[in-house]
Amino acid sequence: MTDTSSTAAVDLSLYPGGTSLDADGRLLIGGCAVADLAETYGTPAYLVDEGALRRTARSYVDAFASRHRNSLVLFASKSFPSASVIGVLAEEGCGVDAAAAGELGLALAGGADATRIVFHGNAKTDDDVRSALAAGVRYVVVDNLDDVERIGRLARQPVPVLLRVSPSLDAKTHAAMMTGHDASKFGIPSGQVDDVIRRIRREPMLDLRGLHAHVGSQLLDLDQFEAAVRALAAFERFPVYDFGGGLGVRYTSADDAPSIDDYAERLVTAVHRHLGEDVELLVEPGRSMVARNGITSYRVVTVKRGARTHVAVDGGMGDNLEVSLYGQAFQPSVIDRSGPAEVVDLVGRHCESGDELAHDVEVVSPRVGDLVTVPVTGAYCYTMSNNYNAALRPPVVFCRDGESRLAVRRETFDDLLRRERLLPGTDD
Ligand code: LLP
């Protein structure tokens, strides 16, 4: 063990913009002490800095509005599918990217305006299509020929649609997050696009307004967005273009990521050069909207020192699948006290060796009961939270100006049991 070094200290640049330490060195999210929130709401918990989230949304909207007259920033709701999060972002001027009926329902429940919702799904059922038509979304994104048939059959008036293109681009990211390559299950491969456009035009209930491309997620090289613009410019011109999401974020102090402004500048410049200044431009950021604005708090349950030091907390892959699914590196901290530093593996409480939150990380030497925070968990963690080992999904707490509000309550055991029919032993 060494004295607390800079790597064991909390790197505030990974935390929401409003994060600070109080006079006693306690970590404050949105002005609320994480320790107080742990008392009030328990752990693990997803803590969202509402003020920082609102500021990110406004920067996104401004970054595009100031560069392009006719733009709309749609929050990719899959990255944090909570009606409250969607509602806050809608208040700040964002529309919503909703995939299938479930996300559409959340967006409407959050107060989003249907005319600012773009509807997605690579396997839309009849019910999905009906829900989009009933809501009156801005565009339905056609992903396959069966979408054309379904919309044609179910619509009673012409539906504005975009066509999702898979533009043959191998995005530089984790294989599971590549979505614009030839082998992708999403969109129409470039070679078939002209045919599908003709097919759509034969269908009177489809009003083809433009093209869509989303080539991948956690993209750190802006050239890839420009490549997507060039790829869509190879087809006939349309009034609307949607370039999806994908902008990557920093997860650890060692990472570097482009700013929202740099991204907007590159994308809009490419759009103006290749598609013109008059098109309607849509983007669908998820991760870069929410990731840094949320953290997860845990309490240390046990520390086991042996070949490695395993620090086990009261959560894990039930609330954060990013590590086990994508090998994502996070930078946790033992908070609210100083002390010698120690290199540890932060593990969860699930029955699986892959249940790790961080590997080989330096933290203040942990003790049972300590609070641990993992920053940059605002994207896709709540999304993929699950009930492995009948774990109860954590609450979502909004923090702003020193006040906290429960946005989603903690799941209870009754919630789990409610779906069970308890077949053996029931009389009826
Ligand atoms: N638009 C479409 C059509 C998408 O499929 C996605 C993400 C987005 C926008 C938002 O992309 P973002 O800005 O967040 O990169 N489960 C993975 C992420 C999968 C992303 C899927 N699509 C994860 O946990 O990292």
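Note that Cβ sites are derived from N, Cα and C of the backbone, with glycine treated the same way.
Quick look at what TrEMBL annotates:
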| type | residues | note |
| --- | --- | --- |
| ACT_SITE | Cys351 | active site, proton donor |
| BINDING | Gly246, Glu284, Pro285, Gly286, Arg287, Tyr380 | pyridoxal 5'-phosphate binding site |
| BINDING | Arg287, Tyr326, Glu352, Tyr380 | substrate binding site |
| DOMAIN | 53-291 | domain 'Orn/DAP/Arg decarboxylase 2 N-terminal' |
| DOMAIN | 292-378 | domain 'Orn/DAP/Arg decarboxylase 2 C-terminal' |
| MOD_RES | Lys78 | N6-(pyridoxal phosphate)lysine |
*Composition by DSSP (helix, strand, coil) of residues within the domain 'Orn/DAP/Arg decarboxylase 2 C-terminal' (292-378)*: 7 helix, 39 strand, 41 coil
*Of all the binding-site residues here, Glu284, Glu352, which one's CB has the most other CB atoms within 10 A?*
Glu284
*Give me the Cα-Cα distance between Glu352 (substrate binding site) and Gly286 (pyridoxal 5'-phosphate binding site), rounded to a whole Å.*
29
*Averaged across the domain 'Orn/DAP/Arg decarboxylase 2 N-terminal' (53-291), what pLDDT does the model get? Just tell me the whole number, please.*
96
*Going by Cα-Cα distance, pick out whichever of the recorded positions Lys78, Tyr326, Cys351 is nearest to Glu284 (pyridoxal 5'-phosphate binding site).*
Lys78
*CA-CA, which of the recorded positions Lys78, Tyr326, Cys351 lies nearest Tyr380 (pyridoxal 5'-phosphate binding site)?*
Lys78
*Let me know the most crowded of the recorded positions, choosing from Lys78, Arg287 and counting other Cβ atoms within 10 Å.*
Arg287
*asked:* Radius 10 Å, atoms counted are CB only; among the binding-site residues Tyr326, Tyr380, which position scores highest?
replied: Tyr380
